[in-house]
Amino acid sequence: MFKLAIILALLFFGARAGAVRDGYPILSDGCKYTCKPLGENQNCSRICKEKAGSWYGYCYMWACYCTDVSKKAVLFGDSGTPECHVWIK
(Lines of atoms letter the chains of each structure in order from A and count residues from 1; the text may use other names and numbers.)
(Lines give C-alpha, C1' and ligand atoms only; values in the text may rest on other atoms or scores of the structure.)
Protein backbone atom coordinates (compact mmCIF):
# COMPACT_ATOMS: atom_id res chain seq x y z
CA MET A 1 0.00 0.00 0.00
CA PHE A 2 2.85 2.39 0.84
CA LYS A 3 4.46 1.72 -2.56
CA LEU A 4 1.19 2.53 -4.30
CA ALA A 5 0.97 5.86 -2.45
CA ILE A 6 4.55 6.72 -3.48
CA ILE A 7 3.86 5.85 -7.13
CA LEU A 8 0.68 7.94 -7.17
CA ALA A 9 2.47 10.89 -5.58
CA LEU A 10 5.26 10.70 -8.17
CA LEU A 11 2.75 10.53 -11.00
CA PHE A 12 0.83 13.50 -9.64
CA PHE A 13 3.89 15.71 -9.14
CA GLY A 14 5.37 14.62 -12.46
CA ALA A 15 2.18 15.54 -14.27
CA ARG A 16 2.13 18.96 -12.58
CA ALA A 17 5.76 19.64 -13.50
CA GLY A 18 5.06 18.97 -17.17
CA ALA A 19 1.64 20.60 -17.18
CA VAL A 20 0.67 22.66 -20.17
CA ARG A 21 0.50 26.37 -19.46
CA ASP A 22 -2.39 28.45 -20.81
CA GLY A 23 -3.38 32.04 -20.19
CA TYR A 24 -3.71 35.64 -21.27
CA PRO A 25 -0.63 37.36 -22.75
CA ILE A 26 -0.17 40.92 -21.52
CA LEU A 27 0.85 44.31 -22.81
CA SER A 28 3.74 46.22 -21.24
CA ASP A 29 1.28 47.91 -18.83
CA GLY A 30 0.07 44.53 -17.52
CA CYS A 31 -3.28 44.64 -19.30
CA LYS A 32 -4.66 41.82 -21.46
CA TYR A 33 -5.01 42.14 -25.23
CA THR A 34 -8.68 42.93 -25.87
CA CYS A 35 -10.56 41.35 -28.75
CA LYS A 36 -13.84 40.78 -30.52
CA PRO A 37 -15.63 38.80 -31.83
CA LEU A 38 -15.55 36.02 -29.26
CA GLY A 39 -14.32 32.57 -30.25
CA GLU A 40 -12.05 31.93 -33.23
CA ASN A 41 -10.13 35.13 -33.82
CA GLN A 42 -7.26 35.65 -36.28
CA ASN A 43 -5.87 38.59 -34.32
CA CYS A 44 -5.68 36.52 -31.12
CA SER A 45 -4.04 33.65 -33.00
CA ARG A 46 -1.39 36.06 -34.27
CA ILE A 47 -0.85 37.64 -30.83
CA CYS A 48 -0.57 34.23 -29.18
CA LYS A 49 1.96 33.05 -31.73
CA GLU A 50 4.08 36.22 -31.53
CA LYS A 51 3.82 37.05 -27.81
CA ALA A 52 3.37 33.67 -26.15
CA GLY A 53 4.89 31.15 -28.55
CA SER A 54 1.53 29.42 -28.70
CA TRP A 55 0.14 27.40 -31.56
CA TYR A 56 -3.46 28.44 -30.86
CA GLY A 57 -5.32 31.42 -29.44
CA TYR A 58 -8.90 32.65 -29.34
CA CYS A 59 -11.04 35.45 -27.94
CA TYR A 60 -12.47 34.55 -24.53
CA MET A 61 -14.31 37.06 -22.34
CA TRP A 62 -13.14 39.85 -24.69
CA ALA A 63 -9.44 39.10 -24.15
CA CYS A 64 -7.02 36.95 -26.17
CA TYR A 65 -6.44 33.57 -24.51
CA CYS A 66 -3.54 31.34 -25.55
CA THR A 67 -3.12 27.59 -25.15
CA ASP A 68 0.12 25.67 -24.65
CA VAL A 69 2.29 28.78 -24.29
CA SER A 70 6.07 28.72 -24.10
CA LYS A 71 7.72 28.54 -20.68
CA LYS A 72 9.25 32.00 -21.27
CA ALA A 73 5.90 33.66 -22.02
CA VAL A 74 4.67 36.32 -19.60
CA LEU A 75 1.01 35.84 -18.77
CA PHE A 76 -1.60 37.80 -16.86
CA GLY A 77 -1.28 37.01 -13.16
CA ASP A 78 2.37 35.88 -13.28
CA SER A 79 4.39 37.10 -10.33
CA GLY A 80 6.39 40.25 -10.98
CA THR A 81 4.13 41.53 -13.76
CA PRO A 82 2.61 45.01 -13.57
CA GLU A 83 -0.97 45.30 -12.40
CA CYS A 84 -3.40 46.56 -15.04
CA HIS A 85 -5.17 49.73 -13.89
CA VAL A 86 -7.17 50.35 -17.06
CA TRP A 87 -10.71 49.04 -17.21
CA ILE A 88 -11.25 49.41 -20.96
CA LYS A 89 -8.59 49.59 -23.67
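Each residue, glycine too, has its Cβ placed from N, Cα and C.
Record features, source Swiss-Prot:
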type	residues	note
DISULFID	C31-C84	disulfide bond
DISULFID	C35-C59	disulfide bond
DISULFID	C44-C64	disulfide bond
DISULFID	C48-C66	disulfide bond
DOMAIN	21-85	domain 'LCN-type CS-alpha/beta'
SIGNAL	1-17	signal peptide
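A C-beta separation below 8 Å, combined with a sequence spacing of at least six in one chain, links C48 (disulfide bond) to P25, S54, W55, Y56, G57, C64, Y65, C66, T67, V69. Take the disulfide-bonded residues C31, C44, C84: by the count of other Cβ atoms within 10 Å of each Cβ, the lowest one is C84. Rounded to the nearest whole angstrom, the C-alpha distance between C35 (disulfide bond) and C44 (disulfide bond) is 7.
Using a 10 Å Cβ-Cβ cutoff, C59 (disulfide bond) registers 21 neighbours.
Ranking the disulfide-bonded residues C31, C44, C84 by Cα distance from C59 (disulfide bond) puts C44 first.
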